[in-house]
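Novice: Provided herewith is a single structure, encoded as structure tokens, for subsequent inquiry.
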Amino acid sequence: MSVETKAPRVPCCSKLKLFLVSLSFVYFAKAFGGSYMKSSVTQIERRFDIPSSLIGVIDGSFEIGNLLVIAFVSYFGAKLHRPRLIGIGCLIMAAGAFLTALPHFFQGQYVYETTLSHIPEENSTESILPCLANTSHLVINDLSTAASKAACEKEAGSSMWIYVFLGNMLRGIGETPVMPLGVSYLDDYARKENTAIYLACLQTVGILGPVFGFMFGSFCAKIYVDIGSVDLESISINHKDSRWVGAWWLGFLVSGFLMLLAGIPFWFLPNTLAKQCKSPSKKRQKEDIQAKSSSDTPEVEPEQGSFIPEDNTEEDAPQPVTMAAMAKDFAPSLKRLFSNKVYLLIILTSVVAFNGFIGMITFKPKFMEQVYGQSPSKAIFLIGSMNLPAVAVGVIVGGLVMKRFKLSVLGAARLSIVSSFLSFCLLLIQYFLQCDNSEVAGLTMTYQGATEVSYQQESLLSQCNMGCSCSLKHWDPVCARNGITYASPCLAGCQTSTGVGKEMEFHNCTCMQELKGGLMAPPTNRSAILGQCPRKRDCDRMFKFYMAVSVLGAFVSACGGTSGYIVLLRSIHPDLKSLALGMHTLIGRTLGGIPPPIYFGALIDRTCLKWGLKRCGGQGACRFYDSHAFRITFLGLVYCLYGLANLLWGVLYLQLSKRQKKLELRSQAKATALEANGNNNPNGHAMVSIFKNKDDLDRDNESTI
């Protein structure tokens with residue numbers, strides 16, 4: 001009796017659940033690091049004075065790291081100790097996170113561009129400002145020789161972004177074994193009906209990582225980059241300024257520590273487990289007996305059934321294999337995998353959808369900043385606190401729908417198609433939720449209604465600031481009382497200032513005009529304050545509508561995430577599962593993860609109206625965009641990619657339906673042949689026909705799915 005009470009299914013289930021909990025924490029930690037990288041894109045771009053196209057290359061280095069090793073890890077890792085390989089990956093990801101933060105400790109202090117280089121005299125709150133004929137010394141002179149420029153760049157550490165590139169690539173290498181080996185391990189030892197809810201749990205916990213990652217990124221974006229080493233009272237910019245750089249390095253230290261903790265349990269988990277035990281309840285036992293008694297009646301498509309014809313032979317215990325044997329079988333396995341038409345369509349659809357998603361999420365904070373006038377920290381916070389929780393709820397709802405209605409593969413495909421189409425419709429609504437461009441003299445406004453404030457084409461100069469000897473390269477914006485932003489106090493024609501640091505105010509600005517009785521006239525108050533003018537009030541109302549549509553779209557899109565995974569898992573042979581997941585990740589991240597940040601960033605750069613100036617001269621990061629052109633470029637790319645993804649989903653569904661009809665014909669032929677063989681067929685011709693039919697369908701399976 002004591003032997004019977006100690007059933008082996010209790011420890012097997014507990015170990016699988018321990019693996020699920022550990023893998024969920026890894027999903028959280030890696031998602032935290034990845035989302036923090038996305039949230040820090042703007043800060044890194046400004047810190048190293050690089051364009052959006054180059055920041056896209058840095059962001060894509062994660063996928064480059066995946067590309068280097070994922071095919072081999074997915075294939076060979078499936079035959080090795082999968083939990084320990086995941087633990088090794090966690091160590092590599094931690095090292096990559098620490099390497100990413102390293103430049104901060106070796107780079108000099110951040111020096112933002114400004115024309116306010118003078119210091120007022122002691123015991124005085126007023127000082128003379130640039131609009132004077134002899135103020136050319138305030139402008140940073142271009143370096144005359146290549147040697148002096150190289151020395152300046154070395155001192156400024158302008159090439160330190162390479163360490164960020166390498167660290168992000170190392171994170172990509174370490175992340176490689178997590179998804180294909182972890183998901184295949186769960187699917188191998190879990191009951192089939194539990195796979196969907198386990199995947200939903202993984203994705204939900206994984207989405208909590210970006211929630212905390214974006215919120216922590218928002219917190220760090222408000223902290224000055226050199227916190228603790230500079231006097232913050234002397235800083236004349238705040239976190240809303242386009243020159244502000246937050247403490248981008250802090251989150252990578254936290255991410256590295258989390259990855260070290262996440263990898264510990266995998267060193268103590270076994271390589272193999274017994275199949276997850278069934279529920280010992282009487283109700284479950286009765287259902288199992290009924291299912292076994294009716295097993296002779298073939299079903300067309302069981303719950304979450306596979307599109308792969310199953311062999312009737314029992315699985316033997318896993319036999320040890322050599323590396324040579326695995327290497328010899330690698331090419332034939334790839335050939336079998338890519339002869340599957342359904343798998344190829346899934347790959348193509350995923351690549352197009354990944355392009356749209358990666359490009360959108362990389363530059364969405366900048367989109368919210370430039371189009372709706374939100375600060376980077378607020379944009380990141382809203383994504384983390386509103387969009388990502390909506391995604392988490394959507395993933396849970398999708399998993400529950402799969403389990404509650406016991407959706408087949410075709411049902412899962414229908415759920416994915418509906419959610420994809422509805423989210424695309426919500427994306428289209430965002431096009432009509434726009435704000436007016438910021439009013440910046442000489443950039444978006446070339447004429448204010450009076451001759452003395454008309455600006456030359458593509459120039460910041462006007463008659464009101466001609467005699468001020470202003471620098472045209474710097475971006476040091478001030479907001480006038482008339483609601484117009486000027487690129488610098490000098491270009492606004494300001495003569496004097498009061499206050500210091502962020503409290504500085506400028507007076508006697510000759511370029512300011514205001515509307516009175518339909519005509520432009522000199523304002524009664526010719527003063528300005530530091531910073532760019534805020535958007536109009538109706539823009540805040542429009543932004544609220546945008547966030548509502550964006551959150552609803554995130555929820556609807558996430559509802560089809562789990563069902564899409566089920567379609568993938570049930571359309572491949574069990575022995576190719578890890579390789580298929582690995583190749584799916586490899587191709588998806590190679591073609592869907594690396595290019596989008598680069599070409600999105602390159603096209604976004606074309607909408608820049610005012611480039612910043614590097615410390616050592618030359619073009620730096622963009623300070624101000626044409627919001628209309630930015631919106632059309634950004635949304636246009638997203639619409640094209642998601643529209644194509646919806647069309648491919650339709651083609652994939654037609655292919656799945658075609659395969660379903662073949663399975664139904666096979667089931668009918670098998671049932672007819674069994675009945676004929678049982679009634680009267682002493683020569684066994686029907687059995688021969690059965691096996692011949694099965695072989696034909698297996699060959700058809702290899703070539704069509």
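Don't overthink the numbers, they just go from 1 along the chain as shown.
Positions of Cβ are set from backbone N, Cα and C atoms, glycine also.
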Novice: Among 16-33, 412-429, where does TrEMBL put the label transmembrane segment?
Specialist: 16-33
Novice: Which listed stretch (53-78, 85-106, 196-225, 342-363, 634-656) has the most C-beta pairs under 8 A with the transmembrane segment (16-33)?
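Specialist: When the Cβ pairs under 8 Å are tallied, 196-225 comes out ahead.
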Novice: Sort out the residues at least 6 away from either end of the transmembrane segment (85-106), same chain, that have Cβ-Cβ distances under 8 Å to it, and list them.
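Specialist: Contacts with the transmembrane segment (85-106): 23, 26, 29-30, 33, 37, 65, 73, 77, 157, 160-161, 163-164, 166-178, 181-182, 225, 248-250, 252-253, 255-257, 259-260, 262-267.
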Novice: Determine how many residues of the domain 'Kazal-like' (458-513) DSSP places in helix, in strand and in coil.
Specialist: 6 helix, 11 strand, 39 coil
Novice: How about the transmembrane segment (196-225) and the transmembrane segment (634-656): do they have 3 or more C-beta pairs under 8 A, pairs 6 or more apart in sequence?
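Specialist: Contact between the transmembrane segment (634-656) and the transmembrane segment (196-225): absent, because fewer than 3 Cβ pairs are under 8 Å.
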Novice: If you average the pLDDT over the domain 'Major facilitator superfamily (MFS) profile' (19-661), what number do you get?
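Specialist: Taking every residue in the domain 'Major facilitator superfamily (MFS) profile' (19-661) and averaging pLDDT yields 79.
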Novice: State the residues, same chain only, that lie 6 or more residues beyond the ends of the transmembrane segment (53-78) and have a CB under 8 A from a CB inside it; answer 'none' if no residue qualifies.
Specialist: 34, 37-38, 41, 44-45, 85, 96, 161, 164-166, 168-177, 180-181, 184, 323, 326, 330, 333, 362, 577-579, 581-583, 585-586, 589-590, 593-602, 605
